[in-house]
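Database features (Swiss-Prot):
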type    : residues : note
BINDING : 17, 27   : Ca(2+) 1 binding site
BINDING : 140, 143 : Ca(2+) 2 binding site
BINDING : 140, 143 : Ca(2+) 3 binding site
BINDING : 176      : Ca(2+) 4 binding site
């Protein structure tokens, strides 16, 4: 039986090596997400609303997105029109078309950002009919979406990397450090 501290040291080293071996994925997949990120940034900077949702397994990530894009201490950042669509009363339950019509009347130029599986038909109708959208999906339901592997052992890590890329790109463009 191994000593606990030796086990931790070995685990950390193994994880570090594994992540290092997989770290090139962002470079390899750049063509699939760069246009989507640029389009989303342009949408937000032109006054559009970004309605964010996630499947039940990635609710933690939804909270992470919302708390990082609009932190409670807004001294350093402007307030962005980023809304928790999962918590919205407009989240489709029965009539997706009615929900979409209400959303479009309520939010200025809404765009949907969904992460994960699409867990109900009403949401699927809305997400797949609204163009443009910023979809990070596990199954290819739409041409312009970022396709991820649900059972990827590094999925959470990749989601965080993608978000950090998006967040840094958004604020770099917003503060005129980068042009679209």
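The backbone N, Cα and C atoms fix where each Cβ goes, glycine too.
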### Query
Can you count the other CB atoms that lie within 10 A of the CB of residue 140 (Ca(2+) 2 binding site)?
9
### Message
To the nearest Å, how far is the Cα of residue 140 (Ca(2+) 2 binding site) from the Cα of the residue listed as 'Ca(2+) 4 binding site'?
### Response
34
### Task
Provide the number of Cβ atoms within 10 Å of the Cβ of residue 17 (Ca(2+) 1 binding site), excluding the reference atom itself.
10
### Task
Work out how many Å separate the residue listed as 'Ca(2+) 4 binding site' and residue 27 (Ca(2+) 1 binding site) at their Cα atoms, rounded off.
24
#### Entry: Integer Å distance between the CA atoms belonging to residue 143 (Ca(2+) 2 binding site) and residue 27 (Ca(2+) 1 binding site)
20
### Task
Quick one: pull the CA-CA distance for residue 17 (Ca(2+) 1 binding site) versus residue 143 (Ca(2+) 2 binding site), whole Å only.
34
